[in-house]
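Trainee: Would you mind keeping the following structure in view while I ask a few things?
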């Protein structure tokens, strides 16, 4: 912790803020798109698909959250998050259109 | 990589934990108390204390409830009958009346003695355990939606803190029983580890399932992708029992209750009934909804039967044979709310909840102590540290005190004043506010000690206050076998005892610390350097 | 009755786990246990806790596992508090716990 205290520069604070934003908002949108796609892919009745995907959503959110803080490079985090969110969104649209 | 992962988790644990720990403490505290929601409602309503356990069969109770409502509210648009249980001795009958276009319908709640079927005299206006239940996720005085988002957010942080905590404190499983109260900050770390490990499955479960209870607010996306009308469409599909029934213009004087219940009792003779709702009792659209009791099954929604009142035929059923997904989702919520628990499991839930409170509290205290220890005795700490110390004392000592204030207000406020229930809640928040203000001025060990002793005094006098203001006391409760009420007194005394010991502990520390403080901190700083 | 038997078994298991640790064993009995003895006690603890789990599950799978979680929390609390404040109290538990368990087991078989 002393390391963190010594490094209380503006740059450090900004990077922390960026990580929190990535974890909270990025994680949220990633999870939201992920479970939306998941609900389309689960081959059960509509109600059951919604319930299953909703139940695992928190697990996904947590994993993303921790991954964001464990990863080293900020740029990498943001780019992976944005690309995967876009990818998931496209896939969801594709599956929906296919049905 | 491994080392940096470990470090990032340590960092995450500290900051995620610290950011929202006071809100989390409030949520955990209120939630823990809410396990005894109905018991508190019972305690808060002395008029109900004298009711004997119900002797009648459920069918008799339902019939007399319907009979009562036919007399009392023939023009209501909904009747609601809640049957007595072990935790709620009274028979609840409510009726809802239309208030004309654009206005919300008005509920009138009444309670009957199940043995005499007369109204209970001397009921007072109180929120009872529902206050804590609502506080747990609605945070009172706050916009409901905002509050729920905040609670969700805090729970997510809690889950993250738990997971990162497991990663960084890997060794806790090795020495599970270690608690060394003599060793300063080390003792707080021990308390933190012990309280988190001993109920770790509970903590993970309760946080995860807690998030699941609010999941449709957090992630409406699956429902929105699958249903054209979004959540509304999903709800219509998932809750067939909540479908609105429109009134009919044709009057109907004699609904076929007997035929409906005869059919129900013949086909499901063993089914315990939780509540009966009758929609539009005075016209041809009359429908009878029967909700079964789940008992100790891990299910949240009640099995449901709907009969047409005009013909007495079964119209639809729901959740009699739930699917796997429903069992998973409902099971999570059931496990969270603990409605299924008998008194033994309920107390275990309570102990685990207290462990959670201790875990959060010791975490907050430890952070402040570590920073404080690093400072020289003459240094007065940054604003951040002062803020943390103030918030620590205000929440950790203030909430129990405020809860006691709520109980005192329930017993001491005169029954006839207006908006009495709100005044009880006000007493809770005023007590808390006073503690918070006091803690801005005094934050040292001495202040902790005084607050601990105040808590001890207040809690030990609570049974006395109860004995003076109601007709019963601990001795009569035990004689008459009213164990719920007796355990309230025991719980109050136990709380007082814990605070008394904590106060003593702090007292010895306060006198002890003064001369030895200087060399110890110096040694500590040298060690770190 | 069955659940109290399970609780007692759970308590005994955690008692065994605590006694398998040299420092705790020493604070209770005053002597150091041999390594073989520690291992033996530890294994015994695992067997008893498994037994407790099975007894809980035999009643109801969902409710039983909830009970088991709660019982573990209760047992650890009790043992940790005893070890901290009154370690010698646990010396008598060596005889009390098995006796109590036998009585409860007998009672739950009869009733």
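The backbone N, Cα and C atoms fix where each Cβ goes, glycine too.
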Trainee: Between the candidate ranges B:90-117, B:118-145, B:146-173, B:230-257, where does TrEMBL place the transmembrane segment annotation?
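Mentor: It is B:146-173 that TrEMBL describes as transmembrane segment.
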Trainee: If you check TrEMBL, which stretch out of B:64-89, B:194-219, B:272-297 is marked transmembrane segment?
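Mentor: In TrEMBL, residues B:194-219 carry the label transmembrane segment.
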Trainee: Transmembrane segment per TrEMBL sits at which of B:12-36, B:37-61?
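Mentor: Transmembrane segment, as annotated by TrEMBL, spans B:12-36.
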Trainee: Under an 8 Å Cβ to Cβ limit, what residues of the same chain, 6 or more beyond the ends of the transmembrane segment (B:483-501), are close to it?
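Mentor: Sequence-distant neighbours of the transmembrane segment (B:483-501): 39, 42-43, 49, 87, 343, 400, 452-453, 455-460, 462-463, 466, 472-474, 477.
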Trainee: Could you pull out which residues elsewhere in the chain have a CB under 8 Å from any CB of the transmembrane segment (B:194-219), counting only those six or more residues past its ends?
Mentor: 31, 137, 145, 148-149, 151-152, 155-156, 158-159, 162, 165-166, 169, 172-173, 176-179, 231, 234, 329, 332-333, 335-337, 349, 351-353, 355-356, 358-359, 362
